[in-house]
Amino acid sequence: MPSFLEKFHLDTNSGAGYAIVPVSLGASFIASFASGFVADRLGRKKFLYVASITHEIGCIIEIAGQSQATFFTGRIITGLAIGLYSMLIPLYQSEIAKPSNRGRLITFYQIFVTLGFCVAFWLGYGAYRIESDAGWRIPVGFQLIAGFIMLCGLYFIPESPRWLIYKDRNAEALKILAQLRSYGNEHDVDVQMEFTGIVQDVSFDKMAYTQRFMSLLRKGNDNNRKRTLLGIGVHVFTQLSGINALLFYLPHILESAGIREAISALLGNGVGGAVNFVATLFVILYIDKWDRRRILVCGALAMSVCMICITIVSAIYNQQLISKVPAYGVSNSTSSTVSDTAASYAILALLCVFIAFFALSWGPIGWIYPAEIYPQMIRANAMGVTTSFSYLFNLFISLISPIMFREILWGTYLFFAMMCLIMAGVVQKYYPETRGRSLEEIQLIFSGALIDQRPDAHHPATAAEALLHLEQLQHEDKRNQMQQPQFPLNIPAEWSDVVVSNPHNVSRALNSFNHVDDEFEADDNSIQEIRSQRTFATSSSIASWSGPSSIELDQLGTNGETSNTTASVAAAASSSSVPQDKTK
């Protein structure tokens, strides 16, 4: 805006004016890259406090700045805070959410990001005509309000229970997990099973390898290298789809498409931002119902079709794209534009459809998928590294897009169309499905130890059912004052060769139980008999396993109220979500 440019003696064609966005993106890249190492030591909640305070300090410096150096210092500090936010918030959300609503919860991050873009534009648009310093200080200062709300809200959120277990603060973790899942009931069966599954997963991870940066590139049984590449790939593909190239320069693209300057600014930032925000709202309706891969593939194909259509219209009407936005060091030049009004608004409509398809697919899942795929020991570090690539390629796109628009004209759209096709193919071939899985089950998917790959098959739920029946039988035994429980021992022959000596065989046993239930579904008495046998087989076979599942729940914060037998069953059953033979 004019008052801002006059205050700091900036020109959009000068080096200082051109560097405002890259400086902020560069700071975000550095902060997100290093943030994971700090988050594992300081904790998720405390580090969010650090990010919020950093953001407020940066905003104050920007508002109070009287020189270019001061303003750029504030931009760097706020850029650091944004980098921390973008890693920490999806990380925290993934660690506290249930598998059934994890996608929706992380989608709220993207919803408020797009809402922020909308609010920022309309504030700037409304203050554009203010000739005093208030014209630019009002939009910049509005960040303080949002940051203050964030800072106050952090007081009411709990620490991540997974991080607490990672730090051996199990009693606190169980209490918080119970608050999140069952209104504080620490003896809820599902809470106990989820808690024990996390404990076992972290225990195996700690034995398997030490926490270090090179663990992100280690292949091993856990396939950390593949996870890191997949996480980086999601962020890189998001940028190469062309979304930020369009959002950054949409007003100028519309102006070169024949739409008047005043209208192009309003339609470009205002309408484009509104479409992005409104479309993202609809993601809540299906994100945890449809497969992640299906959404990504369909979204990429739809975006590619939009780009191809824009290419055709632009080529037919001889449009020279973004003619008024030069690359750094290149002066403006006069060029032809689309003279057909219908074609101009057709391009606008296609651009809005492209933004909508992005918001319905890659926009939210670009944050959801990387937050789901990493094991606890490296999750924060991996999230930091993969998120940093988002800012790195965002910076790259912001620098290269003006050159591409100027040199290859409508071929720029064709390039982004081809990238979207490549994105769809890569996701279809290499990306496993994660919807509805617990983070511990996703660990099994990448280690190759998940036996039942059906989306509706959940190992912890099966273990919870076995634990429930065992507790019911124990209560009956106590009432009858029986020394030894009596169970029918008509165990099916196919179970006889299953020696439950490790988590892999526990999972085999539990899967075979489900098969038997299907065979006897019509006979209630048979079902009761089989479930009793399931309980006995689970509890008796666990005794032969001397691995890490011997950790008892009364040592993990249950105050000894759950019996040792129940704890052993819970630990062994939930450890079916942990791969065996892990090596450094």
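The backbone N, Cα and C atoms fix where each Cβ goes, glycine too.
Just so you know, TrEMBL annotations never went through curation; they're auto-generated.
If you look up TrEMBL, you'll see 556-566 marked as compositional bias 'Polar residues'.
Among the features that TrEMBL reports, compositional bias 'Low complexity' is placed at 567-578.
Here TrEMBL flags 1-435 as domain 'Major facilitator superfamily (MFS) profile'.
Here TrEMBL flags 552-584 as region 'Disordered'.
Residues or ranges marked as transmembrane segment in TrEMBL: 15-35 (among others).
Panel annotation: around the transmembrane segment (47-65), residues 8, 35, 38-39, 71, 73-82, 84-85, 88-89, 92, 137, 140-141, 143-144, 147-148, 150-151, 154 of the same chain, lying at least six beyond its termini, place a Cβ under 8 Å from a Cβ of the stretch. Positions annotated as transmembrane segment by TrEMBL: 47-65 (among others).
Residues or ranges marked as transmembrane segment in TrEMBL: 71-93 (among others).
What TrEMBL lists as transmembrane segment is 105-128 (among others). Only residues 6 or more beyond the boundaries of the transmembrane segment (105-128), in the same chain, are considered here, and those with a CB under 8 A from a CB of the stretch are 1, 89-90, 93-94, 96-97, 134-136, 138-139, 142, 146, 247, 265-266, 269-270, 273-274, 276-277, 280-281, 283-284, 287, 359, 363-364, 366-368, 371.
Listed by sequence, the residues of this chain that lie at least six past the ends of the transmembrane segment (140-157) yet keep a Cβ under 8 A from its Cβ atoms are 45, 48-49, 52-53, 55-56, 59-60, 62-63, 78, 116, 119-120, 123. Summarising the annotation, TrEMBL assigns transmembrane segment to 140-157 (among others).
What TrEMBL records for 228-250 (among others) is transmembrane segment.
The feature transmembrane segment is assigned by TrEMBL to 262-287 (among others).
Packing against the transmembrane segment (294-317) from elsewhere in the chain are residues 237, 241-242, 257, 286-287, 338-340, 343, 346-347, 350-351, 353-354, 357-358, 360-362, 365, 369, 409-411, 413-414, 416-418, 420-421, 423-424, 427-428, 431: each is 6 or more residues past its ends and has a CB under 8 Å from a CB in it. The transmembrane segment annotation in TrEMBL covers 294-317 (among others).
Long-range contacts of the transmembrane segment (342-369) within its own chain (CB-CB distance under 8 A, at least 6 residues past either end) are made by residues 86, 90, 94, 102-103, 106-107, 109-111, 114, 230-231, 234-235, 237-238, 241-243, 246-247, 250, 253-254, 257-259, 267, 271-272, 275-277, 279-280, 282-283, 287, 292, 295-296, 298-300, 302-303, 306-307, 309-310, 313-314, 316-317, 319, 390, 423, 431, 434. Annotation source TrEMBL lists transmembrane segment at 342-369 (among others).
Positions annotated as transmembrane segment by TrEMBL: 381-402 (among others).
Here the transmembrane segment (408-427) has Cβ contacts under 8 Å with residues 233, 237, 240-242, 245, 293, 296-297, 300-301, 303-305, 307-308, 310-311, 314-315, 319-321, 362, 401 of the same chain, all six or more residues outside its ends. What TrEMBL records for 408-427 (among others) is transmembrane segment.
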### Query
Mind checking which residues reach the transmembrane segment (71-93)? Cβ under 8 Å, same chain, six or more beyond either end.
8, 19-20, 23-33, 35-36, 39, 44-45, 47-48, 50-52, 54-55, 57-63, 65, 102, 105-106, 108-109, 143, 160, 367-368, 370-371, 379-380, 383-384, 387-388, 390-391
#### Entry: Whole-number mean of pLDDT values that fall within the domain 'Major facilitator superfamily (MFS) profile' (1-435)
85
